Amino acid sequence: MVQLVGSLRKELADSLSTCKVLVVGAGGIGCELLKNLVLTGFKNIEVIDLDTIDVSNLNRQFLFQKKHVGKSKAQVAKESALQFCPTANITAYHDSIMNPDYNVEFFRKFVLVMNALDNRAARNHVNRMCLAADIPLIESGTAGYLGQVTVIKKGMTECYECQPKPTQKTFPGCTIRNTPSEPIHCIVWAKYLFNQLFGEEDADQEVSPDTADPEAAWKPEETAARATASEKDGDIKRVSTKDWARSTGYDPVKLFNKLFKDDIMYLLTMDKLWKKRKAPTPLDWHQLENTCPQEDSPVSGLKDQQVLGVWGHCQLFQQSVETLSSQLQEKGEGAELVWDKDDPPAMDFVTAASNLRMHIFSMNMKSRFDVKSMAGNIIPAIATTNAVIAGLIVLEGLKILSGELESCRTIFLNKCPNLRKKLLVPCILDPPSANCYVCTSKPEVTVKLNVHKTMVLSLQDRILKERFGMVAPDVQIEDGKGTILISSEEGETEANNSKFLSDFGIRNGSRLQVDDFLQDYTLLVNVLHTEELERDVEFEVVGEAPDKAPPPQTNQEEVNSITNGNKDSAQPSTSSKGHFGKVVKKCHAFCCKHLFPQSPSSSKC
């Protein structure tokens, strides 16, 4: 007869009380997960989170209260969870999981790691650490009403990086500066403008008309005279946006006319841009002041969801510029502001500036709520979705601790029931991908770049750290000499940073051995030299799947039978900052499966 302790077998209950588990993240999913773990019987838990509690967390992260705002999420989550089970032994770390202190040996002391993260970089890192330590990892994510849980075990299942993830959407500079066609283009422009005026200036975030736009095919020296400036201070030929703004005393009217009149008139001189597009319409502050106020009638509804008129956004622009310039002045000489979606003046500025630009380019203006959602890359967080996913994590964890790894599943939470009237759809775990550059026995990639234009610093930061998720890479050229190109030891190779790859004899066919000792990870990089990369593209990973995969193969009978809710696609994430990265599709068994690769799923679900 099976002996039970509560609802669990005694052997399993005993295992829960002695095993040590790690929870990475104490946010939306993490709070629910920590509560579930202590109530299930887990006694030895360590939780790590870098963030502090914000007011906006309180509607769904129920371990936190208003009095906790500003405090460490991990520490408060620990204290709240102990109220459910005072005998539990919980250790909290207010830190980043990517800190070198949390090395492979740190991970090896756990029998199970559970992710409740909100960004891809940390997910990649924990994935690699669990592979290196050979510890099972339960990965999870939510996006609104959609969610997903999966189990990762070295040598048995796909790792988190086995399948390509869609890259964060970026836009060409000429589109942002010259020819916006969607509200998001104007919102990105407004965020760039904030940095140019009040924050850290970045040459890659220029907001003035792009005279190098290849589509324009015009001669600046011939057309500059045709652009009439209403203010002497608004001369288009300025060196620094911030210096020019300071010279005007951050005069909102002069800024307005410069950005929304003079720059637009300058764009109109690029005749070729407007042959197949509707030309923008410049705005003049003084004309609007005399004609618009009486047109703007009071609107009803929540303040953040109201769409102001043109003059309303003009006034909001003026108020936000005055507030932000005062804040900058108070900070002193050389100070900079940092844009934050939760900072009212900063959000007002982006709302006003982006909406004025939308109006100029004949787009429907947006509410402050909509602008904030797009500017902050916000995916709605639903408390019930987090609760369901956290429960599924614990259920998969119980299978692992029972030694039943083969019964673990990838589970998708759908917004609407599928044809089998199920919201939760389990799928058998996929085996490791033979082409994965992380979990194969000898990881290897080919990168296409221009060796004469790619600097060593770009290789380190943009390619190895940003694209391939490394933390502290060491790079050695396989040139027969063992030349060290990049060292993780501070100061050893900093002199190489500003040199080009070709300066070190790197050419088409060169091979680089990259080691990240923190992640216990080695990657062989094959260099493919090219001079034909698209504009604004620094490099390409050869053989990488496109951001948009072809639609899944379905027969006509199946297509005809699809009902609402069966074609939901999910890119689950625990917050606005990242994607879980497994897009799901409808398969022949009417359930969700990975979009990559296009494998027959009916026998596996």
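In case you wondered, yes, glycine gets a Cβ from its N, Cα and C as well.
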Select from 203-235, 269-301 the stretch of residues annotated by TrEMBL as region 'Disordered'.
203-235
Average the per-residue pLDDT over the domain 'THIF-type NAD/FAD binding fold' (8-408) and send me the rounded value.
88
Pick from Gly25, Gly28: which of these binding-site residues has the biggest number of other Cβ atoms within 10 Å of its Cβ?
Gly25
Cβ neighbours within the same chain of Cys162 (Zn(2+) binding site) - under 8 Å, at least six residues apart:
Asp430, Pro432, Ser433, Cys436, Val438, Cys439
Residues satisfying Cβ distance under 8 Å from Asn59 (ATP binding site), sequence separation of at least 6:
Ala383
Extra residues within 8 Å (Cβ to Cβ centroid of Cys159, Cys162, Cys436, Cys439), Zn(2+):
Leu131, Glu158, Tyr160, Glu161, Pro432, Ser433, Val438, Thr440
Integer Cα-Cα distance in angstrom, Gly25 (ATP binding site) to Cys174 (active site, glycyl thioester intermediate):
38
Fewest other Cβ within 10 angstroms of its own Cβ, chosen from the binding-site residues Cys159, Cys436, Cys439:
Cys436
Around Asp49 (ATP binding site), how many other CB atoms lie within 10 A of its CB?
27
